[in-house]
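According to Swiss-Prot, the protein has these features:
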type	residues	note
BINDING	LYS24, ARG61, PHE73, CYS86, ASP87	glutathione binding site
BINDING	CYS32	[2Fe-2S] cluster binding site
DOMAIN	7-109	domain 'Glutaredoxin'
Amino acid sequence: MMENKNLKFIQNAIKKNKVVLFMKGTKEMPACGFSGTVVAILNKLGVEFSDINVLFDTSLREDLKKFSDWPTFPQLYINGELVGGCDIVKELYQNGELEKMLKDETKLIKN
């Protein structure tokens, strides 16, 4: 069962921030290549995003997997919706969909 404090923390994080990356490490120091790739993509697009390091809290990490029904990290959320992990973000970036999504839904990227 999901810990109540973790559920509230997750919901609050994705509600208060237009773009949130739950990742291993931080945007300044990613602790895995997959997290680093997503950070690099968001930085290339010039998007401000909130990063949450999942390495220091095992219960948060496990509860986030249940919350999102996604087994791995990083997990990118835009406007409260899970976009996906590294492979999906990379594919969306390469085909231009991620930039369009960020322009249309968050207005974080200007035309």
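Cβ atoms here come from the backbone N, Cα and C positions, even for glycine.
Feature map: Swiss-Prot annotations on the structure.
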residue: LYS24; record: glutathione binding site; contacts (Cβ under 8 Å, 6+ apart): PRO30, ALA31, CYS32, PHE34, SER35, ASN53, VAL54, LEU55, PHE73, PRO74
residue: ARG61; record: glutathione binding site; contacts (Cβ under 8 Å, 6+ apart): VAL54, LEU55, PHE73
residue: CYS86; record: glutathione binding site; contacts (Cβ under 8 Å, 6+ apart): PHE34, SER35, THR37, VAL38, PRO74
residue: ASP87; record: glutathione binding site; contacts (Cβ under 8 Å, 6+ apart): none
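Residue counts for the domain 'Glutaredoxin' (7-109) under DSSP, helix first, then strand, then coil, are 52 helix, 19 strand, 32 coil. Take the binding-site residues CYS32, PHE73: by the count of other Cβ atoms within 10 Å of each Cβ, the lowest one is CYS32.
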